[in-house]
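Handing you this structure, nothing more for now.
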Amino acid sequence: MTDPADSPAVRRLADWDAPTLESLAEEYETPLYVIDLDRVAENYARFSAAFPDADVMYAAKAHTGNAVLETILATGGDIECAAWGELQRSIDAGADPNTLQYTAVNPPDRDLDYATDLAADAPGLTITIGATDTLERLAERGYDGRIAIRINPGIGTGHHEKVATGADAKFGIPYERVPAVADRVREGFDLVGLHAHVGSGVLRDGLEEHCRALARVGEMARRVGDEELEFVDVGGGYGVPYREDEPPLDLAETAEKIREAVGEIDATLKLEPGRYVVADAGLILTTVNTIKEAPDTTVVGVDASLSTLIRPAMFGSYHPMLNVSAPDRESIEATVGGPVCTSADVFAHDRPIAGPERGDVLAIGNAGSYGYELANQFHSQPRPAEVALEDGESRVVRRRETLEDVTRLER
Ligand SMILES: *Cc1c(COP(=O)(O)O)cnc(C)c1O
């Protein structure tokens with residue numbers, strides 16, 4: 001493995017070895033998720049290296065697969081969770097519950113029951129609250145442990161309005177109420193930190209706005225009393241270039257701007273990247289089954305669908321695509337879609353792609369984050385298998401579902 005500090009800031013789809021991808025498709029069938037664990041480790045280490053004095057936690061929800069969590073833990077990383085299942089899966093992967101941080105957003109009772117039971121034997125667990133109701137519900141359960149307050153800085157950022165959480169009333173304590181809530185926390189709990197996660201998919205263009213929100217977090221830390229706080233957590237949201245011509249985030253510049261925005265604080269800086277760690281470490285392989293000449297475009301039908309990768313349908317996201325069977329064939333403009341009966345089930349409109357033929361394998365890039373996690377079984381489609389690459393070897397880390405898996409819970 002490359003020294004993480006020297007590893008490339010981005011892995012483009014064209015950087016993957018096309019013949020290897022084609023042989024994976026042949027061996028394990030398609031659709032298929034591929035996750036390169038060496039790249040996951042590189043991304044985590046490179047990000048951490050850019051923030052030498054900070055505590056970098058991996059946000060599990062971007063990809064909660066056991067192999068990914070084990071990889072993060074093996075590099076010495078910590079994990080941030082936003083649901084009880086993520087906490088349990090982190091522990092199953094070997095995490096010490098004392099190191100976990102649980103971000104509670106409108107937490108269901110079972111999540112709070114789980115977290116408080118866990119904290120009874122793991123007093124190091126930190127619970128981040130975004131509503132005073134959550135505090136009261138924790139107190140009702142006898143919890144008096146570590147609490148971080150999620151701030152709503154009133155400024156949201158990111159690649160889509162649905163991920164700009166920083167100004168969305170659903171998330172965090174309204175800015176001006178934070179000092180009063182801090183007092184309430186001090187009465188019955190251990191106030192350890194302030195937290196904000198203001199958006200997702202932030203690249204250089206969004207960095208300034210992102211830092212404006214983080215400046216408010218630093219300001220609030222000083223107002224509340226930073227010398228009393230163990231940490232100031234500025235969340236995740238660090239973007240990756242989805243388009244081939246987009247430059248990657250300059251981590252050194254990002255780190256400097258964040259430090260500058262947060263300002264002098266007598267507390268450890270924490271960050272929670274999710275997407276940044278796993279996005280370019282993963283892709284989806286899919287086989288072409290249909291080529292249809294339509295008046296304005298060539299329709300290329302594939303076996304992956306919005307059930308496999310929902311981001312294009314949900315956020316209008318662009319994902320790079322490559323014909324790994326024939327990357328050098330003359331390119332045509334194609335509309336690539338799957339077998340689901342909605343016009344939203346399209347990965348690309350009028351996209352130049354090396355002339356696909358029936359049976360070709362296409363790769364859909366940057367699918368390592370929010371890919372499998374948002375997969376579903378719509379149209380009674382069993383979810384695909386996932387294959388991990390590590391040290392030049394491939395292995396199935398999640399088998400392909402069968403129709404029995406789809407119907408198993410029916411009574
Ligand atoms: C989703 C989430 C993250 C990670 O966001 P990315 O955009 O994937 O980096 C971090 N912290 C919290 C609280 C989140 O909800």
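Backbone N, Cα and C atoms are what each Cβ position is placed from, and that goes for glycine too.
Sharing the record's features from TrEMBL:
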ACT_SITE  Cys341  active site, proton donor
BINDING   Gly237, Glu272, Pro273, Gly274, Arg275, Tyr370  pyridoxal 5'-phosphate binding site
BINDING   Arg275, Arg311, Tyr370  substrate binding site
DOMAIN    38-279  domain 'Orn/DAP/Arg decarboxylase 2 N-terminal'
MOD_RES   Lys61  N6-(pyridoxal phosphate)lysine
In whole Å, note down how far the CA of the residue listed as 'N6-(pyridoxal phosphate)lysine' lies from the CA of Gly274 (pyridoxal 5'-phosphate binding site).
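Here the two Cα atoms are 7 Å apart.
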With the Cβ under 6 Å from ligand 1 as the test, give me the qualifying entries from the recorded positions Gly274, Arg311, Cys341, Tyr370.
Gly274
Filter the recorded positions Lys61, Arg311, Cys341 down to the ones within 10 angstroms of Arg275 (pyridoxal 5'-phosphate binding site), Cα to Cα, kept in sequence order.
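The recorded positions close to Arg275 (pyridoxal 5'-phosphate binding site) (Cα within 10 Å), listed in sequence order, are Lys61.
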Just the number: how many Å between the Cα atoms of Pro273 (pyridoxal 5'-phosphate binding site) and Cys341 (active site, proton donor)?
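Roughly 34 Å, rounded to the nearest whole number.
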How many whole Å apart are the CA atoms of Glu272 (pyridoxal 5'-phosphate binding site) and the residue listed as 'N6-(pyridoxal phosphate)lysine'?
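Cα-Cα distance, Glu272 (pyridoxal 5'-phosphate binding site) to the residue listed as 'N6-(pyridoxal phosphate)lysine': 11 Å.
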What is the interatomic distance between the Cα atoms of Gly237 (pyridoxal 5'-phosphate binding site) and Cys341 (active site, proton donor), given in whole Å?
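Between the Cα atoms of Gly237 (pyridoxal 5'-phosphate binding site) and Cys341 (active site, proton donor), the distance comes to 32 Å.
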Restricting to the domain 'Orn/DAP/Arg decarboxylase 2 N-terminal' (38-279), report the mean pLDDT as a whole number.
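Result for the domain 'Orn/DAP/Arg decarboxylase 2 N-terminal' (38-279): average pLDDT 95.
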Name, in the order they occur in the sequence, the residues of the same chain whose CB lies under 8 A from the CB of the residue listed as 'active site, proton donor' and which sit 6 or more residues away.
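Set apart from the residue listed as 'active site, proton donor' by at least 6 residues yet with Cβ under 8 Å, we have His379.
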Under a criterion of Cβ-Cβ distance under 8 Å and sequence separation of at least 6, what residues of the same chain contact Lys61 (N6-(pyridoxal phosphate)lysine)?
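Same-chain residues close to Lys61 (N6-(pyridoxal phosphate)lysine) (Cβ under 8 Å, separated by 6 or more) are Cys81, Ala82, Ala83, Glu86, Gly274, Glu373.
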Pyridoxal 5'-phosphate site residues Gly237, Glu272, Pro273, Gly274, Arg275, Tyr370: biggest Cα-Cα distance, Å?
15
Measure from the CA atom of Arg311 (substrate binding site) to the CA atom of Tyr370 (pyridoxal 5'-phosphate binding site) and give the result in Å, rounded to a whole number.
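Arg311 (substrate binding site) has its Cα 8 Å from the Cα of Tyr370 (pyridoxal 5'-phosphate binding site).
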On a simple 10 Å Cβ count over all chains shown, which one of the binding-site residues Gly237, Pro273, Gly274 is most densely packed?
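In terms of Cβ crowding, the pick is Gly237.
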In which DSSP state, out of helix, strand and coil, do we find Arg275 (pyridoxal 5'-phosphate binding site)?
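For Arg275 (pyridoxal 5'-phosphate binding site) - judged by DSSP and reduced to three states - the answer is helix.
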I need the most crowded of these binding-site residues: Arg275, Arg311. Count other C-beta atoms within 10 angstroms of each C-beta and give me the top one.
Arg275
Does DSSP put Gly237 (pyridoxal 5'-phosphate binding site) in a helix, in a strand, or in coil?
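DSSP assigns Gly237 (pyridoxal 5'-phosphate binding site) to coil.
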